[in-house]
Every structure is written in structure tokens, then in C-alpha cells.
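Everything below concerns the one structure shown next.
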Protein chains: 2
Amino acid sequence: MTNRSFEIVDVTLRDGSHSMRHAFTKEQVRETARGLDKAGVNYFEVSHGDGLGGSSMQYGLSKVNELELIETAAAECGQAKVSVLLIPGIGTKYDLNDAVKAGAKMVRIATHVTEADVAKQHITLARELGLKTIGFLMMAHMASIEKLVEQAKLFESYGAEVVYVTDSAGALLPHEVTERITALKNELSIEIGFHGHNNLSMAMANTLAAVQAGATYIDGSLRALGAGSGNTQTEVMVAVLEKMEYNTGVDLYKILDVANDVVAKYMPRPQEVTGSSLMMGYSGVYSSFLLHTEKAAKRFNIDERDILVELGKMKAVGGQEDLIYEVAANITKKKFAVAPKP
Amino acid sequence: MTNRSFEIVDVTLRDGSHSMRHAFTKEQVRETARGLDKAGVNYFEVSHGDGLGGSSMQYGLSKVNELELIETAAAECGQAKVSVLLIPGIGTKYDLNDAVKAGAKMVRIATHVTEADVAKQHITLARELGLKTIGFLMMAHMASIEKLVEQAKLFESYGAEVVYVTDSAGALLPHEVTERITALKNELSIEIGFHGHNNLSMAMANTLAAVQAGATYIDGSLRALGAGSGNTQTEVMVAVLEKMEYNTGVDLYKILDVANDVVAKYMPRPQEVTGSSLMMGYSGVYSSFLLHTEKAAKRFNIDERDILVELGKMKAVGGQEDLIYEVAANITKKKFAVAPKP
């Protein structure tokens, strides 16, 4: 166990919350946590899909309070430890305190890739609470490598022990992951992590690229249960990395058992690359844009995919939904413009 | 169209036949063929999942005669051409003649990776019939690179215009694809193709690796519809390769439309990496072994996955199902053996 090549962090019980519409039951969490622990996974995450405090009208109400789910999971842990996700602005320092009381031993403080500075106080608190403390740079494809390094260094300076390249939209390709992880390895002295999504069917290949470039924390989800097209599939990751002769520290048959005998039975539908999740990865936009884009496309009678591609080029971020109508109007203008006379 | 970087060959209507339990209707084939043609795909395949003549008790009876399906598809073709698959031993030269009458313009003659020599007469006939003629080396992961090159050269010597590395079990990893395609590019003068499956979530990454190593024919399937965990997903391939600045010649929105508005509506279930398909890729065995292995595991009270891994190591091939019981017996013997006294 001591000489594993990296830590596999399973996020089924957090990122999977999106696919479960935040309706995880205690029984589902108990069985999944037990299976992960027995398979030899050292860290797994339990929180609302949008992190601690995410249960709300805006992000979706949790069926069961996440603190109860954290407690339930922690009770199943032998060697494994429960992680939580905290997005400053959604969750608060109070939520983190509560999570620790419920049994959390690790936290990932997540910000948009250009906004690490909002995480300083949370990182400080997490260290004070004695948690394994990780910085999580979301939508990492949206920043240049220089910007990414700068932001990761902020996390490092605040006291994070690991910093993640988080490919929230599943928009990165393997060579781009290699470049990013390599740059961080060269410029930082803390450990580097990678969290992948499958919108372009590249989650597994990106994770392998990350490991080969020196990442020592990698995320996965059983049966790929997670937002968009889902995550890197934990059990596949174990199989592939074993074939590549890495020491995962995770038992392949046992992780397959919890994936297939537990998670596959409660997931509402298989994860796949659909038209909209593919367009998310292709254009590199937030999933929260999809609904507004569909409406704007109808109103202006244009293809919603043209709007997504344009938003991606503009690097629009969450909260800029107003932009969607402006973009739609511009596309319409161009489409129906009369060519100037010669 | 003339300067596309490679040809995308869509196999939804052939490899997808496995997932459809060979129950494609004319209407499904018509709509799919129309969409592929309109999207700019130049070649797509229509046959029983196991190739021409595959409709049988052993391989599964087709609901509609494949010749009628080929005719239906051919009637929808503007620039696109219908391909067929022929596995000597399952299909015959008579089947190929009939397929040509029905409208087929391309054939892929498929053999196990070590048995290209059985294809000589079929390749000769295909060229005589004026077909675009391709050799298809199945279960390519089971041969050494030297063997693969030797077998591909046989296809070349018979008159094949393209030879494929066919990763039937989805067992290859990207660096292994790179090695194989590179070796074939160096040693042959005909074009090289790659056909990927997703059992280890690597179909897309493997396809990209193949293209980067010089493959000019690549296979995909809409919504990944195909055997095992499914194929490289055609519409994802178009998006990723466009992002990589290749000229696919295929319209992304139109290919997304046929995937989501046509294929997604008739596929019986989404394609995903399940426990058994993952074990196929991990151990590199035939899907036809799964049922026998399950039975043997029950009889000997051992884990069926141990049998699969052992069969993979032995490089067991189709037809060697007897081996399964022998392997199971040996595993039992080892498991319950009394350690010799010191």
C-alpha cells in the first residue's frame, strides 16, 4: 500500500450526485463506501454534486442531508478516508466544520481556474482542522498554461498539499493534459492531481497522460457516474493502469464488484456521450449554459450549437448567461445580413 | 472532399447489428444511411454483425435479410458507398456476389490476425468484382508486431488496397496502436486502417493514435453502437479530429443529428463499459468465451475472471472453448493444493 504509484480518489458519491439528481440514499452510500474501502481505495468523496451546501433550489435539493451521508460513509471506512468538496460561494467555512464533525478527513477547495484567490481562507481553515487539503482548479481548459501555473501557485502558497487540473467540461485532449501537468510538475513542489470528464471520450486517455506526466492524484467514478458524459471510470482506470504496470493499490475484482453489483443497480441510466454533452466538450462551455442556449436558439431560429461554439471561443464563464442572447442576436445578424454591393 | 486527411468508415449498420441482436429494420437502415450520406461519410458498412452469411442459429438470425438491407442503404447513397464485411468460413464468395448485386461497392475480408492466408481467393474475387478491397486483421492485440506485419503483407500480396489493425476485444492501449500502425506504415505500401472497441475506454484515444501514426482509414459507430462496449463513437471522432485540425470531410452537426435523432432512438440500450466487457479488454479474450467461462466458473466454484485472465495469457482463440474447462480445473487444483511439507 505504501508504494502505490498514485492515489485514486473515487468521486461516485459526489460527482455522481449530479446524475442521481442529488437523491442518494443512506443505503446506497453505505454499500458504495463499503465496497470502495474493501477494494483498497484510500480516498473517496461524499458531498452534494456542487459541493458542501449545494443543496438548494438553484443547484438541486438533496434527498438526504449530505452530513448524514458523510457520517454513513465514514462509518464504513477501514483504511479509507472520506473527502468532501467545497466551492467557496456555494459552501461556507461552517459547512466545512460540520463535515469534519461528520467524519470528513480530506477536502478539495474548488474554484474556477482563474479564481484561486477566493479560496485562501478556506485552505487556511482546512489545514487548521487537520484535513488533507487540496486545491481544485475547475474548467482548467479555459486558462493558458501560464495562468494555470499562476493560479496553482496561489493554492500552493495558501497551504494546499495537492493541486488539481480539473477538466470539468471534458474539453481537454491528451497532449493538452500532458502539457498542463508537466508545467505544474516543473513549477510547483506540491503534488499534482487530475480530474477528467468523458465528453470527448478522452477521460481515460487523459488520466493516463496525467499519470505519465507525473500526476499522483487521479479521480474516477464507478460506472463513470457523474456530470455530463460522466467521469473517468474508476474500475477501468484500475484495469488500464495495472496493464501499464503501475501499482494502483486497488483490487481489480473488488472494485469491479462494487461498480457492477452496487452502483450499476442504482444509477438511473448509463453514462454516455450524448449530443449535448459532446457539444459541451467540443465548445468547452458550462453545462449550466445548455438550457438558456436552447431557449435563445429557438427565439432567434438558429442552431443552438452555433451559440455554444461562439460562447466557447469567448471563454464565457458561469454567471454570464446574459451573453447568450447577445451571441444569438449576433449570429442571426450575420446569417441574414445582405452582402454589401460591390 | 478530395483533401480529407483520412476516410471515416461508419460501421453502425454492421457492428451495431450485435447490439441490435441482428434485428435492424429497413426503416432504421434507410434513415441511418440517409443521415450518413448527407453528413459526408464516404463509406459505411451494412452486413450481419458477423459479416455476410452470418445470419444463423450460431451467430444469431437476422430479422431482415442483409441483402435487402444493403439494397435499402445503397438506394440512399449520393456520394457514399456501401461496404460489406466478409469473414471467410462464415460468408462465402456467393454471398459476396449477391452483395455486389445488392449495391455493395467495398468489402472488408476479415480473418483472425494469424490467418490472413484463408482470404486469398476472397480478395482476388473482390478485386475482380471491381470492389474497393480491404483486409481486416481481427484480434490484432494477440499477435506480435512481426506477426502482424507478416500477415498484413499477405493481404497486400493478394491485392488488398488497405489493411486494418482490428482491435476486436478493445484490448490495445494507445502506445500499442502507435507501434502497430507505425510498423505497418514502414513495411507496407498500401494504406493502413484502424478499427477500435471501447472495452478499456480507449477507443477514441487509440483512433487518434492511429491517425497520428499514419492510418488513413478509421472506423466508428454512431452512439458507439457495436459489440462489447461498443466502437469508437463516430460523431465524437469527428469532433475530436476537427479540434486536432484534421480535415474529416464530415459535417459535425449533421453527423450529430443522425446519431441523436436516429440511432439513439432505436438502440436498445446505451453502450457502456460493463464488468464483462471490461474483463474482455483486460484479458484480451473473445466475447464468445464469456458464456462458457461463466458455466465453468460455477462448476469449479472459482472466479470466472481468473479463467478469462488465464485464457488471455494463453492467447486462446475462437473454437478452443474446450480449453476453458481445462483452465478452470487447473485453477481449482492450484487453489486447493496442499502446500508440500517442509
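Note: Cβ is positioned from N, Cα and C throughout, glycine not excepted.
Keep in mind that this is a model prediction, so the values were computed, not measured.
Record check: TrEMBL places B:R14, B:D15, B:H195, B:Y286 at the substrate site, and the matching candidate among B:S157, B:S168, B:S229 is B:S168. Cα of B:R14 (site 'Transition state stabilizer') to Cα of B:H195 (substrate binding site): a span of 13 Å. B:D15 (substrate binding site): 26 other CB atoms within 10 A of its CB, across all protein chains. Annotation for the recorded positions B:H18, B:S168: lowest Cβ count within 10 Å of the residue's own Cβ, B:H18. Other than B:D15, B:H195, B:H197, the residues of this chain whose Cβ falls within 8 Å of the Cβ centroid of the Mn(2+) site are, in sequence order, B:V11, B:T166, B:D167, B:S168, B:G170, B:G196, B:A203, B:D219, B:S221, B:G226, B:A227, B:N231, B:T232. On the backbone, the CA of B:Y286 (substrate binding site) and the CA of B:H197 (Mn(2+) binding site) stand 13 Å apart.
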